[in-house]
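What TrEMBL records for this protein:
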BINDING   Gly24, Ser25, Met26, Phe27, Ser28, Gly29, Lys30, Thr31, Asp96, Glu97, Ala98, Gln99  ATP binding site
ACT_SITE  Glu97  active site, proton acceptor
BINDING   Cys154, Cys157, Cys186, Cys189  Zn(2+) binding site
Amino acid sequence: MFIEPNRRREPPHLRTGWIEVICGSMFSGKTEELIRRLNRTLIAKLDVRIFKPALDTRYHEQDIVSHNANVIRSFPVNSAHEILEQAGNSDVVGIDEAQFFDDKEILEVCTQLANEGRRVIVAGLDMDFEGKPFGCMPQLMAIAEYVTKVHAICVVCGDIANYSYRLVSSKEKVLVGETDSYEARCRRCFNLGDQAGRKEWVYEDEGMY
Ligand SMILES: Nc1ncnc2c1ncn2[C@@H]1O[C@H](COP(=O)(O)OP(=O)(O)O)[C@@H](O)[C@H]1O
Ligand SMILES: Cc1cn([C@H]2C[C@H](O)[C@@H](COP(=O)(O)O)O2)c(=O)[nH]c1=O
Ligand SMILES: [Zn+2]
């Protein structure tokens, strides 16, 4: 569990900012964890601004919505620089789907916001459908003070999953979708690709293996 420091005790001119990255595969709980942290900052009555790339309209135009229907209000933006324009005097900035922003811009924006003394919480996919590092995420993880990697459950075998397996034939890096186009898989089932058979669950106490 990520425990956040109390910012209110510090006078604004002494506040130091920082960057937190929440990463993992699809369905790993990145958005849930982002919403959890942001809700706590709202309870603390901090000034919070939340952003997502405008291209992610899967569940809602404006809200950030997790796969299990947790919701928080956000500003959709077309570029990372718009985040700077809209950040105002906020104490905390939340950003979802960071992998979709221009690599250089989002790094500059997160760095500037943190240098201004803000808490910046960024969630994004660490790997694309080919298992390659996704866009800005490796650099963001390098410059962040805190990195949390969350995991899904492999829908093929039930192990811990850290890959997003694409179910459709497109080779485009960016393909917005959910269970229609992707499933969470462990390393083994990801590497098996189409050959990964759905295993029947068997239990030792039933005498089956
Ligand atoms: N294969 C899976 N493994 C774990 N959670 C899953 C899976 N498929 C669906 N879910 C649901 O997705 C939720 C996490 O959604 P979300 O936070 O939006 O994930 P992410 O932002 O990482 O894609 C889980 O709490 C669970 O209800
Ligand atoms: C693996 C992969 C994913 N995407 C898209 C699919 C979804 O719209 C988002 C990820 O959303 P989530 O909150 O992490 O579930 O990214 C993509 O465009 N390219 C990929 O390789
Ligand atoms: Zn598996």
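Cβ atoms here come from the backbone N, Cα and C positions, even for glycine.
With a CB cut-off of under 6 A applied against ligand 1, the recorded positions Lys30, Asp96, Glu97, Ala98, Cys186, Cys189 are reduced to Lys30. Across the structure, Cys154 (Zn(2+) binding site) and Ser28 (ATP binding site) are spaced 10 Å apart at their Cα atoms. The separation of Cys189 (Zn(2+) binding site) from Ser28 (ATP binding site), Cα to Cα, is 16 Å.
The highest number of surrounding Cβ atoms within 10 Å, among the recorded positions Asp96, Glu97, is found at Asp96. Secondary structure from DSSP puts Gly24 (ATP binding site) in a beta strand.
Taking the Cα atom of each, Asp96 (ATP binding site) and Cys189 (Zn(2+) binding site) are about 27 angstrom apart. Checking each of the binding-site residues (Gly24, Lys30, Cys189) against Glu97 (active site, proton acceptor), the C-alpha distance stays within 10 Å for Lys30. A simple Cβ count within 10 Å picks out one of the binding-site residues Ala98, Cys157, Cys189 as the most packed, and that one is Ala98. Taking the Cβ of Met26 (ATP binding site) as reference, residues of its chain lying under 8 Å away and at least six apart in sequence are, in sequence order, Leu125, Ala152, Ser164, Glu178, Tyr182, Ala184.
In sequence order, Val155, Val156, Gly158, Asp159, Ala161, Arg185, Arg187, Arg188, Phe190, Ala196 are the same-chain residues whose CB sits within 8 A of the CB centroid of Cys154, Cys157, Cys186, Cys189, the residues recorded for Zn(2+) being left out. Around Cys186 (Zn(2+) binding site), the same-chain residues six or more apart in sequence whose CB sits under 8 Å from its CB are Cys154, Val156, Cys157, Asp159, Ile160, Ala161, Asn162, Tyr163, listed in sequence order.
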